[in-house]
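**Q** Handing you this structure, nothing more for now.
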């Protein structure tokens, strides 16, 4: 079992775990930005002539090349989907760090295949195979890293860390855009091979971190390895394995694990329509990932440089610069989410995001209806406004919301379904965007604008506010809505924050299974978010 900490403990160990996680998510964003810059690179299309758009293409030629471009780009998402599925079925058995090491290793193999593919015979096929293999590795990592980091971190900073991981996706995109721009003057295939190969550096850092850092205490407890769990907890906290602090956290994890086991479910449990509303809550959790993709984020990220050049008719050099500026704005715009996610709340941020993104794309499509130089500038403004709103709203929210909205017994299934929804919708959007943009440069933005407004309506009626709520309170909200015949968001608005005693009382009145002995032990151990934070802050000061 991997309990090694490489001599690190306390703050240094926690920072090392965070660093490895951050690099892993940066790699996710790096690939998005890399392909955005490569697709219109001279040497890239010379190496893969099938991707080169002729000067005066016929409608058939343009359609064919758009299909190939979409397939070459979106095949990565298909690999990610299967990697996430593998993690869902094998993750608990293999462990967090083992799975991350496997994912990083597979990603390295895929990056090598893509980097060294030779031209002249089936070159696109080689490139696609490499991207699919890389995607499998990335899918394994993106499904596992947040769990590993969350289980190794304190209760009070988990929401912040999810936002930080989202910011690092944008950070990876930022790095990729400027790397591609910086090497765009190279006169041979190094112009595209170097950015592709640079993925290997990120993956090596992640793989090294997985080898040198411990698995999560929660995973050890789930496998019955209590001594190892206490050993790792002691290292993370910077104290001895038998200290009061370690025993407190160990008992907390043990209690939560027993609660989860007592609520074990299968897929049949998901299709529950009574007071607990499992199926409705599963769909709501998945809807965030659906709307994240179908409101246009990856259409803008993957194809921004191409859109600047082909749809907005900018010169190639200027389109590369605009792509870099676009990525810089994207990265910087994630910063407000760190402060707003708790203060503003999930529901309001969702609505702000849908409205802002929709209006941004309205500006873009309206400016593209009649193509002029001035209108192109207005269209570019719309794209920049879109990515600004997206960065602090729909980038982090779909990753935070599913674990909060789903009940305990379907939380694992709900999180897995949400992740798979993301990758499948990602694949679909990245595949059809170049086809749609080729047929109607303004129509594609109208399409995404309409989906944003659909999301605004859906979010208003179906998203309840979970910020500051205990997970048991969300169960009460849906049960009260079912009993009283009200919309859950109205119940959540009218229901004040409940104390532990009020949660138990209302759960009994509503006929919910409260698992009293588990809840009492949670209270004793300080498992609620507020008390856990207070306890951890006390220990941090010692």
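Indices start at 1 and increase along the chain as displayed.
Just so you know, glycine gets a Cβ as well, placed from its N, Cα and C.
Residues or ranges marked as transmembrane segment in Swiss-Prot: 19-39, 70-90, 99-119, 127-149, 160-180, 194-214, 321-341, 349-369, 380-400, 413-432, 444-464.
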**Q** With pairs restricted to those 6 or more apart in sequence, evaluate whether the transmembrane segment (19-39) and the transmembrane segment (380-400) have 3+ C-beta pairs under 8 Å.
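**A** The answer is no, given that the two segments have fewer than 3 Cβ pairs within the 8 Å cut-off.
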**Q** So, taking each listed stretch (70-90, 127-149, 194-214, 321-341, 444-464) in turn and counting its Cβ pairs to the transmembrane segment (160-180) that are under 8 angstroms, which one gives the highest count?
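**A** Per the Cβ count, the answer is 321-341.
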**Q** Do at least three C-beta pairs under 8 angstroms join the transmembrane segment (349-369) to the transmembrane segment (444-464), pairs 6 or more apart in sequence?
**A** yes
**Q** With Cβ-Cβ distances below 8 Å as the criterion, list the same-chain residues six or more beyond the ends of the transmembrane segment (99-119) that contact it, or say none.
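**A** Residues 20, 24, 27, 47-48, 79, 83, 87, 90-91, 126-127, 129-141, 144-145, 148, 189, 193, 196-197, 199-200, 203-204, 206-207, 209-211.
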